[in-house]
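Enquirer: Can you keep this structure in mind? I'll have questions shortly.
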């Protein structure tokens, strides 16, 4: 590859070219039939991940935790949750990952910890404790007519209700933007930051991890004074804290400081990557986070494309959208890096998103496989670091018609209770909420991985075990590893081909630049071009169940059909009509 001086983003890095496979440890593979996935279960399936074509694994939190938010509430950063195994099991997993030629990335959850963490226990023990200022403690704003303390401001928790919890012992509130057992750490306190770096970052660097996925990495810097948020939702007492918590005044300073800690700590020459979950940010802010010269983050996750079709006021309020809206939002993931020294990611699924075929494809029995392959074609052709989530490679779909009682997610339960309290169980608000969770709940991604047709647990646990969460019935319909490996036309086997295609053409697939939409207003067709030196890639993707026409740019005869989701014998490369849910990639040199 020749690096273009006009495109410093094309400087090769292992973490730019790698395909990352995300593992949700509770739901991946149970090795001891206790109903929970574990470290040994992951280790037993590393060859499967390698054969898929992945180059790195990212494991969601496996640390000691009360599991109020599935491990994103950490009680000890230096200990594996015993249900998942021992620290030694984890070190062995890191070693095996490296022996197979893959990298190991772990989740870094340091905006908040668990209320069971020793730091918080000390902090809440008294107002004069040395760690009191490691968290945000504030007296009540006042008391209501019933004598109940009023929270210090009107900030809303991401999980519903107030972002403050009252502590009876010291008669003060503590801030927790998420769950009541996830107190926010005070990054303004230097001693607190040093302890975070040492315990959550340094310990795992010393044990060989290759990078960190940084949870809610845009929330560390809160505006001093924690003022009331502007009222944007007149139907709620509680308002989004984003103006005072998202991409705050010292956020870049904090990331530079942590990046410096990482570079100082690693002595063996390995290059550590960091990917920040940065929610929403302007292009300029994204460039500040990921510019190589600024030493903050390697790359980031943005939510623009996964939030399409949801209200900015409340995620669980669906709004209509068209393909054009999604195309524009998806391109926001990578267009800002063009001609810079920045980098980004591409993904459709993770532990916080539903299944992409249900959300953006067609999960009907007729079109599930072909639309799942279409999404794979799209992802394989986009610029940035590609992330694939467990089960995505199988063409997994959302579960169907579950009552709210079956949902496990604390975000669903807390919002359900908040809506019930504020609007009532039979309200229009509740009806909209239940409609939304059927489409976009995080729980759709969290059902146990489907390894086989074996009843009743699909090979995730032994037949006599009771998994921690219900299974998706789709394992009985062929959506499982064992069936798909045997089926040459399965989504799984297609993903293997897609990742081979991406690697074989990495100059233009991974590093391609100057992305341009073709026929942006088209409601069925997603088509674009991008370049790398003298090469041009042209993609034509039919996001509909109808045959759809397309045009090759400038009728250029040098474009050769390189990849698509229909069998080659069924495709006339000279045809300008796409079959339902057909995607094609052409390259000219």
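Any Cβ shown, glycine's included, is placed from N, Cα and C.
According to Swiss-Prot:
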ACT_SITE  215  active site, nucleophile
ACT_SITE  277  active site, proton donor
SITE      352  site 'Transition state stabilizer'
Enquirer: Determine the Cβ neighbour count for the residue listed as 'active site, nucleophile': the number of other Cβ atoms within 10 Å of its Cβ.
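Expert: Summing over all protein chains shown, the residue listed as 'active site, nucleophile' has 19 other Cβ atoms within 10 Å.
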Enquirer: Helix, strand or coil for the residue listed as 'active site, proton donor'? Use DSSP.
Expert: strand
Enquirer: Who sits close to residue 352 (site 'Transition state stabilizer'): which same-chain residues at least 6 apart have their Cβ under 8 Å from its Cβ?
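Expert: Sequence-distant Cβ neighbours: 442, 445.
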Enquirer: List every residue in the same chain as residue 277 (active site, proton donor), at least 6 positions away in sequence, whose Cβ is under 8 Å from its Cβ.
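Expert: 213, 214, 215, 216, 217, 218, 300, 301 - these are the non-local Cβ neighbours of residue 277 (active site, proton donor), listed in sequence order.
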